[in-house]
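What follows is a single structure, written as structure tokens, with notes after it.
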Number of protein chains: 2
Amino acid sequence: MKLLEERIRQEGIVKSGSVLKVDSFINHQMDVLFFDKMGAEFKRLYADAPINKILTIEASGIGIAIIAGLHFGVPVVFAKKSRSSNISDDVYHTVIHSYTHNNDNNVIVSREYLSPEDHLLIIDDFLANGCAMEGLIDLAHQAGATVEGLGIAVEKGFQKGGDKLRQEGYRVESLAIIESMDAATGEIVFREQD
Amino acid sequence: MKLLEERIRQEGIVKSGSVLKVDSFINHQMDVLFFDKMGAEFKRLYADAPINKILTIEASGIGIAIIAGLHFGVPVVFAKKSRSSNISDDVYHTVIHSYTHNNDNNVIVSREYLSPEDHLLIIDDFLANGCAMEGLIDLAHQAGATVEGLGIAVEKGFQKGGDKLRQEGYRVESLAIIESMDAATGEIVFREQD
């Protein structure tokens, strides 16, 4: 999505440690009208898929997932990070490692809201190592749901989570894929997409 | 908003300890098309206010705030719960007590995204004791922003946070106000609104 690449070039800030800050329009201040364009693009990309629910994870995935939900006309379920290690029986549960915070999170979804009837689009703002996506896919599989595909705003292509998921057979649609970026010069190279 | 009252009657589950579960359509599974109606209602209620930004707090406020953002055509900023007690100088910072989890949270917004030019609508899914709202108002005031009003999906009227804010002079628009509820019978009484 050329519009997203342009916006990242304009407003994204490359920091050391493979950090890309897009706080000004994606994951702190959220440009809702721009999200609307991203939601329309996800719908275009997945027009052929029988998606009846969107799954995301708190917190910064929720905004894009909600707008995509409007475009698909389906409900959105967000997986919750549990503060408690005491996990009840009425939830699906997985553990997701965060490289950003260097910790493990218990992540849960109530059994009521994922089922074998569900055909899921899993949405998040970023895909890097793929830990969050693997966790959400695990929750979907526990529920017997079908994963129709993944929808990502910004994929860090150089961190290989996306390519690993594609090799495993998942459909991954990322609106922008960063092939490389340089904190010293601020240069960002995007992967060519159709 | 009669539609919301009806939906709460149908799907809300009253639990002991003044807990109302609306997980099935508001704060775990999110009925996006219903959110669209709530967003339109906030726009109708605040049609006269010069709102140029929406402020909310992660995680369950984000969904409703985003849809409202579409109706107002303005960006949404979400305040973040900081895991670190090490607060940097480039953020506004407040402490919000959670009665649900019985703890205090450091809550931050980057100084870049709130300013004296901002006329804010502050949105959240629930209003009970008002701690979250007081915290968000504090952040707004630190930035010199104007609080045009508050937009709440479900207010627990019997917990007085909303009435206290109204007495302090804030405009509070809640789409449904629960006057009382009974965990034994499941009965919910709503406050009459125009």
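In case you wondered, yes, glycine gets a Cβ from its N, Cα and C as well.
Whatever TrEMBL says is automated annotation, not expert-curated.
Listed features, source TrEMBL:
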BINDING   A:Leu20, A:Asn27, A:Lys156  xanthine binding site
BINDING   A:Ala128, A:Asn129, A:Gly130, A:Cys131, A:Ala132  5-phospho-alpha-D-ribose 1-diphosphate binding site
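Recorded features from TrEMBL, shown on the structure.
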{"residue": "A:Leu20", "record": "xanthine binding site", "DSSP class": "strand"}
{"residue": "A:Asn27", "record": "xanthine binding site", "DSSP class": "helix"}
{"residue": "A:Ala128", "record": "5-phospho-alpha-D-ribose 1-diphosphate binding site", "DSSP class": "coil"}
{"residue": "A:Lys156", "record": "xanthine binding site", "DSSP class": "strand"}
Least surrounded, by Cβ count within 10 Å, of the binding-site residues A:Asn27, A:Asn129 is A:Asn129
5-phospho-alpha-D-ribose 1-diphosphate site shell beyond A:Ala128, A:Asn129, A:Gly130, A:Cys131, A:Ala132, criterion: Cβ within 8 Å of Cβ centroid: A:Tyr99, A:Leu127, A:Met133, A:Glu134, A:Gln159, A:Gly161
If you count other C-beta atoms within 10 angstroms, which of the binding-site residues A:Leu20, A:Cys131, A:Lys156 is the most crowded? A:Lys156
Residue pair A:Asn129 (5-phospho-alpha-D-ribose 1-diphosphate binding site), A:Leu20 (xanthine binding site) - Cα distance, angstrom, rounded: 14
What are the sequence-distant neighbours of A:Ala128 (5-phospho-alpha-D-ribose 1-diphosphate binding site), meaning same chain, six or more residues apart, C-beta distance under 8 angstroms? A:Ser18, A:Tyr99, A:Glu155, A:Lys156, A:Gln159, A:Gly161
Can you give me the Cα-Cα distance between A:Asn27 (xanthine binding site) and A:Gly130 (5-phospho-alpha-D-ribose 1-diphosphate binding site) in Å, rounded to a whole number? 18
For the C-alpha pair, I'd like the distance in angstrom between A:Gly130 (5-phospho-alpha-D-ribose 1-diphosphate binding site) and A:Leu20 (xanthine binding site), rounded off. 16
State, in Å as a whole number, the widest CA to CA span among the xanthine-binding residues A:Leu20, A:Asn27, A:Lys156 given in the record. 15
Rounded Cα separation (Å) that holds between A:Leu20 (xanthine binding site) and A:Cys131 (5-phospho-alpha-D-ribose 1-diphosphate binding site): 18
Sorted by sequence, non-A:Leu20, A:Asn27, A:Lys156 residues with Cβ within 8 Å of centre, xanthine: A:Gly12, A:Val19, A:Lys21, A:Val22, A:Ile26, A:Asp125, A:Phe126, A:Ala128, A:Val154, A:Ile178
Validating a neighbour-count step here. Other CB atoms within 10 A of the CB of A:Gly130 (5-phospho-alpha-D-ribose 1-diphosphate binding site): how many? 23
Row A:Ala132 (5-phospho-alpha-D-ribose 1-diphosphate binding site), column other C-beta within 10 angstroms, all chains, value 24
